[in-house]
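Worksheet for the structure shown next.
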Ligand code: SAM
């Protein structure tokens, strides 16, 4: 099961590469201007280029899926990426310049947003956590690329062979194992600094008990922070079949489970897992229609013809962005 879940990262990476190739990402106004992400496209293309040498098998999978991605998928990737970046940017701006701040990306996969962030913010400490196999591939790609190695100022740990820098750590860990997870976080990060936890399509693959323990323990450890989570929600209306169909399709096609999709099937239920926090949870269709400007929507429309607006709406109503502050 670990292997199957771990491989979902290749889908996420393929979707990002597709959205970048078609021009959805980076958003000039939201990611480049507002979050000051420079070199976004170049960073991702370099990662893909070097991935080819590290693992031809993974590269081929990513390349094939990226080539055939539909407009609705590109919109979805655009929305999830931009929504997380904006929530993160808001937190970092609220903390302000000159204060130490930590970002912990749980189930980071091949996510590369740490590169522009670490370059922009000299007081930022960033930790990426994933299964050993994901961390090993990511570590190799970052090291094999002179450009990415230099951007992150990486060195190689003698003991593990993993790359790291003074402000960036890659942690191999099974997040279902709370003892292991907390030990790593306690060793690397401080409970005293404001901390952002990112879970982008992680909690949906975890069992209920383990994911709840993870949320409770991590929120209990850091004195103040913000949890930014993006996930599918099954849908709570009596005639809503989205979640059940999604679960069946994933099981049939990949033997992949989403154990809590139908438990936390609405924005309210999903938010209820984050105890003692000030939470906002919004479905991605609402986010799209309320927070993306007319100019940005016009830019997206100019990229590809999107015929399936109803399909986009149904899909995006079944994904959410949660921000919990404590
Ligand atoms: N967050 C990344 C993104 O959105 O691009 C990757 C998302 S991918 C769909 C899910 C990621 O969560 C995978 O990289 C997978 O290995 C990781 N993951 C899931 N369960 C995990 C666990 N128990 N321990 C560590 N990593 C886990």
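Note: Cβ is positioned from N, Cα and C throughout, glycine not excepted.
Bear in mind that TrEMBL entries carry predicted annotations, made automatically and left uncurated.
Among the candidates 150, 157, 200, the residue that TrEMBL names alongside 80, 107, 174, 175 for the S-adenosyl-L-methionine site is 200. With a cut-off of 6 Å between Cβ and the nearest atom of ligand 1, the binding-site residues 80, 107, 200 reduce to 107, 200.
All protein chains shown were included, and the count of other CB atoms within 10 Å of the CB of residue 107 (S-adenosyl-L-methionine binding site) stands at 25. The sparsest Cβ neighbourhood within 10 Å, among the listed binding-site residues (80, 174, 175, 200), is found at 174. Largest Cα-to-Cα span within the S-adenosyl-L-methionine-binding set 80, 107, 174, 175, 200: 24 Å. In this structure, residue 200 (S-adenosyl-L-methionine binding site) is part of a beta strand by DSSP.
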